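Visitor: Pulled these features from TrEMBL for this protein:
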{"type": "DOMAIN", "residues": "40-188", "note": "domain 'KARI C-terminal knotted'"}
{"type": "BINDING", "residues": "ASP48, GLU52", "note": "Mg(2+) 1 binding site"}
{"type": "BINDING", "residues": "ASP48, GLU225, GLU229", "note": "Mg(2+) 2 binding site"}
{"type": "DOMAIN", "residues": "189-325", "note": "domain 'KARI C-terminal knotted'"}
{"type": "BINDING", "residues": "SER251", "note": "substrate binding site"}
Amino acid sequence: INGAGINSSFAVHQDVDGRATDVALGWSVALGSPFTFATTLEQEYKSDIFGERGILLGAVHGIVEALFRRYTEQGMDEEMAYKNTVEGITGIISKTISKKGMLEVYNSLTEEGKKEFNKAYSASFYPCMDILYECYEDVASGSEIRSVVLAGRRFYEKEGLPAFPMGNIDQTRMWKVGEKVRSTRPENDLGPLHPFTAGVYVALMMAQIEVLRKKGHSYSEIINESVIESVDSLNPFMHARGVAFMVDNCSTTARLGSRKWAPRFDYILTQQAFVTVDKDAPINQDLISNFMSDPVHGAIEVCAELRPTVDISVPANADFVRPELRQSS
């Protein structure tokens, strides 16, 4: 609407009069979607449920928690650590990827920054792919949805056991620091471009792209579920009010999945990726070369040319915000 909106996907299962695609596209236009992607119900369900647990919600939550802890343990001030993780990813990194692509993030760095990016990217790519691969197969097999159904049953007392509804995910020190950072943030401030943070985040994005590609998804679906929904639709929520505002404005399925998988990404980055960097292990130059020449950059460039001119706005009391998360103006 007025140049902004949320993307739509459509699938045609039955077309009795030859107009099904036109009708679906008409609904998409009426809903105000800037992009409309053709898919199948099977491919959409796999990529969507998987994406929520990956970079869209769960993985980015795990990444910022791991990086914040790493930076503060290295002596960085807490507010600066928050800015170099959450603010940078949801601000300058997301805006750059949205409008100019991942390569522009890399090209914006100094020569020393590029070296730090390469270390982070090289060390993080395969650990992220490890969890993403497992997650995709859990989704495709139906195991992940079964987990969601069982979790929903545990919301209520049964069999003599207590109820276990979803708990809060933004009450730790990190997210309290975030409240202070946002309260003093200058208007339109996008945060710093930290090369190590950028390397980890882009490695995650590229790993998710590769898993979806190897699993046979179309480029439009891959980019939507790995890039566009992340940087244009969901990261703005975390930039506005933190991780719970992003995650808990989504479906119950997404909220449960994010809570389940975020710690997996936090753990594997801490135990494998960061340890590799600290050992000063050699950079996997093949990974860096593959990133630079990956054909996905051309597809992202096409999407960027079609990008709406207006960014998604996240007012605290908007109708699309879950009622319990709204703030009075």
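The backbone N, Cα and C atoms fix where each Cβ goes, and this holds for glycine too.
Looking at the shown structure, what environment does each listed feature sit in?
Guide: According to DSSP, GLU52 (Mg(2+) 1 binding site) is assigned to a helical segment. Within the same chain, the residues at least 6 positions away from GLU52 (Mg(2+) 1 binding site) whose Cβ sits under 8 Å from its Cβ are GLY58, CYS250, THR253, ALA254, GLY257, SER258, listed in sequence order.
Around the Cβ of ASP48 (Mg(2+) 1 binding site), the number of neighbouring Cβ atoms within 10 Å comes to 20.
A C-beta separation below 8 Å, combined with a sequence spacing of at least six in one chain, links SER251 (substrate binding site) to none of the other residues. In this structure, SER251 (substrate binding site) belongs to neither helix nor strand by DSSP; it is coil.
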Visitor: Check the binding-site residues GLU225, GLU229 for other C-beta atoms within 10 angstroms of each C-beta and report the one with the most.
Guide: GLU225
Visitor: Where does GLU225 (Mg(2+) 2 binding site) sit in the DSSP three-state scheme?
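Guide: DSSP assigns GLU225 (Mg(2+) 2 binding site) to helix.
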Visitor: Within the domain 'KARI C-terminal knotted' (40-188), how many residues are helix, strand or coil going by DSSP?
Guide: 114 helix, 2 strand, 33 coil
Visitor: Compute the centroid of the Cβ atoms of ASP48, GLU225, GLU229, then list the same-chain residues not in that set whose Cβ lies within 8 Å of it, in sequence order, for the Mg(2+) 2 site.
Guide: SER47, GLY51, GLU52, LEU56, GLU221, ASN224, SER226
